[in-house]
Structures are given as structure tokens and as C-alpha cells.
Amino acid sequence: MSYLGVGVSPGNVPVYHGSNLKVIDKRVRLAELVLRCLICGLGVLAAVLVGTDTQVKEIFSIQKKARFTDMKALVFLVIANGIAAAYSLLQGVRCVVGMVRGSALFSKPLAWAIFSGDQMMAYLTVAAVAAAAQSAVFAKLGQPELQWMKICNMYGKFCNQVGEGIASALLVSVSMVVLSCISAFSLFRLYGANKGKDCTRW
């Protein structure tokens, strides 16, 4: 079997488009590319803001330095956003290559791989933001019952920069969730294309 002279393996599905579907497909691809670029940029920004954040405070003639490594949740946040940025960069390159080639065929295994990867990145970034946000609340408000003091009263600059990093990471996680929905749409429309093709045969 062939489509426009191109061999089609069982794992590949020719996607037939009407004029309206072509416009939708183009918009979906563009939205995916924009989101991946946004995630890459914000992920790097979040990792840099948190990873380079330090502040030295002198307490009773003793200098104490606050680093992001003092809180494991912030270490997790830096690693997660670094991974998300690298992943989005690779997927962004794939999107650009696909848009330039304008391929009519789409591989189901590739679609599943992209969908699974986006899902994992979404869970990873959301978990990292949740953990970092909880730690930030403790640092800001303290926990009197456990005699945990308000760290941000002493390390104001450090906390402000961490807050900016968490805000960037939050945008990354939200964008990743939206992107996982787009990849789900791109995957399951292939099965819809197969169903529509079978109906036309009858």
C-alpha cells in the first residue's frame, strides 16, 4: 500500500486533511512549537534563578550562607526544570523539522513516545513545583508548632529570587500540562483517521 508514492508500514497512518483540518493541524503544530520553546526558555530561567541563588548573612559575628542545596526541594526543582528544558529543546527541533518537511505520514509508535514523554515531564514539573512551593511556605511563614523559624526574615534576597524561580517553574508546569493535552490530541486523532478511512470503504 502506498500514499502519494510513499510506502506505508503498519505503524504509520496517512492522515487525510480537508481544508479546515489543514488549518487546525497547522495551528496545533504552531502552538506545540511555541509551548516547547516557552518551556525551554522558562525552564532554563527557573534553573538558573534557583541554582545561582545565594546570600550571606552575619549572625552573632558568624557568617552563614544560604544556598539552594540547603533545601532538597529546590535541588529537585532545578534538576526537573533542567530536564524539562533539555527535553523541550529536542522536541522543538523535531517540530521544526516536521514543519519544514510537511510530512503527510505520522508514526503511531512515535506519537505514543511523544505522548508518554510529555506526560512524564508534566508529572515531573508539577511535582517539583508542589514540593518547592511547600518548602517556600515553611521558609516564609515558619512552623511555630515545630519551632521552625521564618527563614525569609533573615534571607530576604535569597527568598525573593527563589520565589521568582518558582514562578517561572509554575509556568513551565502549566505549559507542560497543556502540551501533554496537545500530544494526546495528536496521538488519538490517528485512530480517528483510521476509523474514518474504514467507514469510507463501506
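Note: Cβ is positioned from N, Cα and C throughout, glycine not excepted.
Annotation comment: Swiss-Prot describes 1-29, 94-109, 186-202 as topological domain 'Cytoplasmic', evidence class sequence analysis. Annotated topological domain 'Extracellular' per Swiss-Prot: 51-72, 131-164, in sequence order. Residues or ranges marked as transmembrane segment in Swiss-Prot (evidence: sequence analysis): 30-50, 73-93, 110-130, 165-185.
If you take every residue in the topological domain 'Cytoplasmic' (94-109) and average the pLDDT, you get 74. Sorting each residue of the topological domain 'Extracellular' (131-164) by its DSSP state yields 26 helix, 2 strand, 6 coil. Against the transmembrane segment (165-185), stretch 30-50 has more CB pairs under 8 A than any other of 30-50, 73-93, 110-130. For the topological domain 'Extracellular' (131-164), same-chain residues at least 6 beyond its ends with a Cβ under 8 Å from one of its own Cβ atoms are 49-50, 53-55, 57, 59, 66, 68, 71, 73-74, 76-77, 170.
Secondary structure of the topological domain 'Extracellular' (51-72) per DSSP, as helix, strand and coil residue counts: 5 helix, 12 strand, 5 coil. Note on the topological domain 'Extracellular' (51-72): residues 78, 135, 139, 151, 154-155, 157-158, 161-162, 165 of its chain, located 6 or more positions outside it, place their CB under 8 angstroms from a CB of the stretch.
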